[in-house]
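Summarising the annotation, Swiss-Prot assigns transmembrane segment to 7-27, 44-64, 95-115, 133-153, 165-185, 199-219, 243-263, 290-310, 338-358, 370-390, 395-415, 422-442.
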Amino acid sequence: MDSTTKLAIGAIGIVFGDIGTSPLYAFRETFVGPNPLPIDYNHVLGVVSLIFWSMTLIVAIQYVTILMRADNKGQGGSLALVALISRSVRNTNYGWLVVLLGVFATSLFYGDSMITPAISVLSAVEGLVVVDPELQGFVIPIALVLLVGLFVLQKRGTAKVGALFAPVMIVYFTVIATLGLISIVQHPEILYALNPYYAVLFFINDGFLAFLALGSVVLAVTGSEALYSDMGHFGRGPMKLSWFGFVMPCLLLNYFGQGAMIVSLSGPEAQEAIQAPFFLLAPEMLRLPLVILATFATFIASQAVISGAFSITHQAIQLGFVPRLSVRHTSDAHSGQIYIPVINWALMVAVILLVLTFQNSSNLASAYGIAVTGAVTIDTLLMAVLLVGVWKWKWYYAAPVVIVFLIIDGAYFAANLTKVPDGGWFPLVVGLIVFTLLTTWARGRKLMRERMSEVALPIEIFAKSAHNSATRVPGTAIFMASSTAGVPSALLHNIKHNKVLHERVVILTVEISDIPYVDPAKRCEYSEIGQGIYRAILHYGFMEETNVPEGLKSMQQCGGEFDMMQTSFFLSRQTLLPSDKPGMPIWREKIFAWMLRNAATAMEFFGLPTNRVVELGSQVRI
């Protein structure tokens, strides 16, 4: 088995869980949701046709074929796309708008990562009611136990159970495809839905009701943005192979199978079957095993979304949109497997509240969709900038492509906006809160750097004056600096209060690049300023762990050498003071100050040895 096939199999277990569990509720919701459709031949074929063409246009063409070509050194996702585009449009008038769009798409993802575990696990456990209606009262308790267990297990990492993900998902996809195929063979007339005529006829006959149905049909493509975000783990080739060669055919067979079953029924029988078409495809004796298999699949889908939240948060920290948080690496073999406690517990609380508030997957479906369609629409806008600004397409080639996708994505987003009163407000509120936090932190850090640079002493002047103004003591002192310009405040405070300078003083800056990984040969820079004072820079990509002691080992190739037992680290801890200077509104200053107080220490974030760290306070007015 070649490496591409192995990676494709691995991707089936990790990447496609979200979109793979959509058949549990997507088709059903068009007929039982807030705007239910009448159950008849034309409506069933219209919905199945819409699902087929939505999956083809949005997932297969927009994401897998076009956007997956837009990788930032192998990484995908909104933030990676923004970093890629920013290098080409940084000095243009719309560069700031590109960044804001990418940050808002990322903010919407957090709302999605709260809803996905709740709706996925609930929809699977609700299958118990199909097996035995008397189990209705156990659905929410079982779902809550499973979800709490999922979040509690996060700190142990997924390395041990991750090997089971691909086999379970392969069995799951094979089973749902087989059940769908059996139903299609029994009622092959459902295959007429391959013809877009039935989707068009649906809109001609039903107009606004068909438009509202888009809000439920879009549930079939939830998880498409996650495919792009997870591209860095497996690569474009293996993911295209697994999507076109296995996942997409399996999903379509199941959707067409559900449609075939409903088409064959009428009246009360159809009304009863539409409540759980996914589970009713299976013979009665196999429904309980299908419930168990679907529960495992939703567990894996939820795991993928939670891991995605950790990964995106880590990227946002490195790119300067989120304060330093405690990031724990759960695998020595895979640097991408991380655990962020504060994100984990915040997601768990939100998911529990969602389950208790909405009570069932059908109610939750109303909240689902806005975050996904919002992110997809933003990705389409970013794609327009990518085609013209980065790939240098002529506008008359790019315009038709972008317009087609904007019409499709915009229609889905508009249809989902009608669900705001029924629960769609939730991901929007989460997105706005997260967007406010991310932009407040980025703006506050920018203002802090500007204020500190205004009063910073040039390093050359400091080196000349320090030679005669302080007693030199043995050893090496490393002063962490956020900028390569000027003297760090911790160094000035050390001179002011302690009146000493170490024999070797190193001003160290950690710089995060807008690429995921930095070539180890370009990791460090090391130069002498004079009077025993040196400038050192460590370069990292936004996907890498910023472990300074490990990074200092690479300094040997740049001319520096460090003995940790003879080295002390000096850090500055800033305190904000109110200021009359124009910067941010007071309410945002208070939010920024709160985020600054609760951020992880530089000692923890950079992996510094606790017994070798000295922290000095400083005050900043923004």
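Note that Cβ sites are derived from N, Cα and C of the backbone, with glycine treated the same way.
When each of the listed stretches 7-27, 44-64, 133-153 is scored by C-beta pairs under 8 angstroms to the transmembrane segment (370-390), 44-64 comes out highest. Using the rule of three or more Cβ pairs under 8 Å, pairs at least 6 apart in sequence, the transmembrane segment (44-64) is in contact with the transmembrane segment (243-263). The recorded stretches the transmembrane segment (133-153) and the transmembrane segment (290-310) share 3+ CB pairs below 8 A when only pairs 6 or more apart in sequence are counted, and are therefore in contact. Distant neighbours of the transmembrane segment (165-185): 9-10, 12-14, 16-17, 20, 23, 158, 191, 246-247, 249-251, 253-258, 260-261, 278, 281-282, 290, 293-294, 296-297, 300, 303; these residues of the same chain sit at least 6 beyond its ends, with a Cβ under 8 Å from one of its Cβ atoms. Remark: the transmembrane segment (199-219) makes no contact with the transmembrane segment (338-358), by the rule of 3 or more CB pairs under 8 A. In this chain, the transmembrane segment (395-415) does not touch the transmembrane segment (290-310); fewer than three CB pairs sit within less than 8 A of each other, excluding pairs fewer than 6 residues apart.
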